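Database features (TrEMBL):
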- A:15-34: transmembrane segment (TRANSMEM)
- A:41-61: transmembrane segment (TRANSMEM)
- A:67-85: transmembrane segment (TRANSMEM)
- A:92-113: transmembrane segment (TRANSMEM)
- A:160-181: transmembrane segment (TRANSMEM)
- A:211-230: transmembrane segment (TRANSMEM)
- A:250-272: transmembrane segment (TRANSMEM)
- A:284-309: transmembrane segment (TRANSMEM)
Amino acid sequence: MDFLKIEIKEMKFKTIHYIALIFLVILVMAPFTPLSARLPFLYLTLFWIVFVGSFNIITGFTGYVPFGQVMFLGAGSYAAVLSIVKLGISPYIAIIIGGLASMALAFIIGYPTLRLRGAYFSIATIALNEALKVIIYNAPEEITGGPMGVTLPTELFEPIICYYLMLSLAVITVLITYFIANSKFGMGLMAIREDEDAAAVLGVNAHKLKLMAFMISALIAGMAGSIHAWRTMYIEAVSEFEIHKTVIGLAMLMFGGAGTVTGPILGATILYTIEDYFWAQFPFAHMIIVGLIIIVVVLFVPQGLVGWLRQKMPKMKELLF
Amino acid sequence: MIAWETLAQVLINGLITGGIYGLIALGLSIIFGVMRVINIAHGDFMMLGAYTSYWLFVYSGGLINPFISLIISVPLGFIVGVAIYWILVNRVVEAPELMSLLLMFGVSTFIANMALWAWTAYYRGIPYTLPSISIGSIVIPLCRLLAFILAIAITFGLYVLFTKTYIGKAVRAVSQNRLAASLMGIDVVKIFAFSFGLGAAIAFAAGSLITMSVERAFDPYIGGHYTLLSFCIAVLGGLGSMRGALIGGLIIGLIESFTGGLFIPVSLVPAIYFAIMYLVLLFKPTGLMGR
């Protein structure tokens, strides 16, 4: 595991670290302050930060886009909920199970398709997502709940605990992204993104690295799905595997800046806030605008908000990134 | 034991479906073969084609049936494709594959939701039927047969286009070697625009035909399903290969009618697409006809 070694540079505390710390303190204290009225909003923002962060680890660093990324949320939630309901396992352990199930799925789908160019991988993940959806939907009700879905027993309802779990997962995701961005592993991934053939010639084991990044990404998404299932207390195949979540997550990632540490946080927070306050009133316009955001960002600012800021304000870079 | 009549019926259904599936995958394969762009919005173009036929049928009071509306939907598809190429795709065609993939994903989301906004989520179907032909106990609906014949005719027309005409030969030259083609005096950007238009026109045609044969009901979100289906067929046959798309279409059509009709519920068919795609990618990623 030599390539996982992280080169610890002199850790200078920059302004961004203090800002992050202040936000973290606010988020930790939130349930005990007037902010607690907006706890569901904060919780969902954190959920999106985690999901977009998991997307970032595979898409941002390697340049491969799993259009079916939502399946890891779905698979995680089903693995967790079924192990709680059928096996009577504690929800905390079920979250781990959900993450591991998604990770196993990522291995199965990633192993053959990550050898090929991006497009095969992207569409094969959509296909697996659809396959999982119809299999779970059509399976006998005793096993997966079928079209009826599965409900968790009401005595498990713990919104505050779920909030803290999602907050911890968000922090872990950001830290993992930070370490990847500054490790030899991350360098390998970025080399793959820039020029896979050149990277392979220089001795980067592209297939192995991509697969590892994909599995880490799936692990995080699977755990997020499990926590979210616990929070909502109910899962159902069609909405768990709804491709819209991928589209929205992708728009957030592209908007914030793929392949950066702060990009997914900014993208998820800004777009989810706008969605919560404004777009929710116009459900049709919402997805149209999400599509437009993807098109505009790809054409005009492929580096995203953070990349754009870095370019336009080099002084901010010293301060912030 | 399954009676031979049932088998013959399933076989004919599969072949008819497969012919149209081949046409669907052809559009995707041409665009990929020429410019290495995966058109994620392929299914959404089909959806637009289906709606074109639907509105023509409704507003003409049933005069323009879906077979006649091909005369309008095919050129319309070509125009839409060329426009999307000039406005959007041309900017990313030289960029890494990721960019065009993301761009077309955005286009697909945009088209599907615009359609949803404009035409609502109602399932629509074109209330146009023709009588069926019966041979013994085998029944062939005339609509499906006609759609199949038209699909084969369009495919044959494309074959002639690619082998006999200047522009068709130019498209093949560009797909074989972009640089060499441009050195021979072929305007590569124009050929790209033409191919993208051609791919979209095929999608529109397939959309019009599919309302008459395979899936008679459609809604604005049907596109995702067809993008997946056409990718699965194209991968099976070999992405970028015309013959591969046809053979892949026939195989998938047959598999679908044999399994979906006889052994498993129809709603599980997407799982079969996935299983096929997975096995092909695992063992022979270049597909059956791939180089």
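The backbone N, Cα and C atoms fix where each Cβ goes, glycine too.
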| query | Honestly, do the transmembrane segment (A:67-85) and the transmembrane segment (A:211-230) touch, with at least three Cβ pairs under 8 Å and pairs 6 or more apart in sequence? | reply | yes
| field | Most Cβ pairs under 8 Å with the transmembrane segment (A:160-181), selected from A:92-113, A:211-230, A:250-272, A:284-309 | value | A:211-230
| Which range out of A:15-34, A:41-61, A:92-113, A:211-230 gives the transmembrane segment (A:250-272) the most CB pairs under 8 Å? | A:41-61
| field | Other parts of the chain folded back onto the transmembrane segment (A:41-61), taken as Cβ under 8 Å at six or more residues beyond its ends | value | 27, 30, 35, 69, 72-73, 159, 162-163, 166-167, 169-170, 173-174, 176-177, 180-181, 186, 189-190, 193, 210, 213-214, 216-218, 220-221, 224, 227-228, 231, 245, 248-250, 252-253, 256, 258-260, 263-265, 267-269, 271-273, 276
| query | Which bits of the chain, at least 6 residues beyond where the transmembrane segment (A:211-230) starts or stops, bring a Cβ under 8 A of a Cβ in it? | reply | 47, 50-51, 53-55, 57-58, 61-62, 64, 66, 69, 72-81, 84, 91, 94-103, 105-107, 110-111, 114, 152, 156, 158, 162, 165-166, 169, 172-173, 176, 180, 185, 189, 240
| said: Checking distant contacts: for the transmembrane segment (A:92-113), what same-chain residues at least six beyond its ends satisfy Cβ-Cβ under 8 A? | reply: 71-72, 75-81, 83-84, 120-121, 124-125, 128, 165, 210-211, 214-215, 217-223, 225-227, 229-230
